[in-house]
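Reviewing the structure listed below.
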């Protein structure tokens, strides 16, 4: 070998292997450096997000936050990446997400951060896609979410004062934050992660029952290792009472109003002005119309099924003005399929499957859902509760407004009517001897906002009367309709062929056969009344003929090739088949001014 071009050295075999491994490592490292995700920019961090002047800085350089919310617990995990890529293609650089305490701690001291609730996996995904994160851990999150994300077992304490420094609440918060923050802290910017800011509670200025509460939450975050920029989030009125010393205040609103921006600047001069929540849509309620804003389509940049809306394209055009490089191409949409209708083939009466649940509870007085001795003495969070007692007379049944929220009333399993907060009296007919009075009470959802959070206990929350005599001696069945119950239902062997005239309430089963790779679809149930739909054991949600929504989204990843099980719990009527559509039906619309 020419010494001008190289040196030939004979090495022992072991050293040659080591040299080869070193060479491979160099190549792999150089490839990683070349192709690493944008999150690689976080290898060396000097200074995180700061708000020390009228402009944010990151690494001491001006930084503009273009943020949007996608909540990991609302999107099938198989579609997390799809939704975040669409967010990035819209021109956004920051992801905000709430953390739902009630899902992560369904029973006191029992925590779940796996599968759909794997927050750390979500944070790592955001980082790999080059998205920064603003974490909104609550403990109260509002979010149009049951009890604002607070677990219902808190209400087992009859003296509970949520969102205050009441010892029973603060102890529970500390326990939850111990588990949550040890998972979030390693993903902070200062540790090479994507979290650049953390919100202290949520819209507390609109509640503000305890002046010591927000300092408690702030200290709970700091003492557990949160070091990034802290934020609060309030509407204009809330800004007057929701602030904290050393914490940046941000504003929420539905329409851009310069007077509100000026107000924020007035109370917080020489600080960056940030809108934490710019409401692009509004929520719907049963029996009302579907609310939309001026830009057509569903009231969000992305629909529940990941569709681009008019709002998305308008926002993308706007955000492109703040980028020097062209935005990423739009990810393709998921394919849809309107599967052929399936016929109900099997049926099971509610009355015949009560023994598949927890053992009934006997109580002289009615007991609300949250205080039932079920779920390891954490009470019942969702679903229905069946209260049964004996009566010997006809007459007027009066709920005293103690039904939360809606009850089907039966005498000897024959439907007498429905009672709720509007209908509090019901006439019961004559009959012979002792009869069984049954009230199937549905929890229609706890309010998520306002000053009535402490009063969101469900089921029968007090006495009911027949002919002004208080009823006593109840047998109570908890029907939370959780996956375990649905699985027991499927394998119970109690199913019977669909009768021509089934009794209600009941469970109705059909089989959906998928002969190709499963596609997204929508279930629709014309001719049915009110109930809950399950696909392969997963609770899809509620339906109700009064609308406005007339379909339920079925993510393709929740189906599989071959036979899929569809179970419908129906309260009062059915047409015997389940239909599918390739697009949603949100009902008649009304413009929101």
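Cβ from N, Cα, C; glycine included.
Between the stretches 17-33, 34-50, TrEMBL puts its transmembrane segment entry on 17-33. In sequence order, 142, 233, 234, 235, 238, 242, 252, 449 constitute the residues six or more apart from residue 203 (active site, proton donor) in its chain with CB-CB distances below 8 Å.
Across all of the domain 'Beta-galactosidase galactose-binding' (505-564), the predicted model scores a mean pLDDT of 97.
Counting every protein chain shown, the number of other Cβ atoms lying within 10 Å of the Cβ of residue 277 (active site, nucleophile) is 19.
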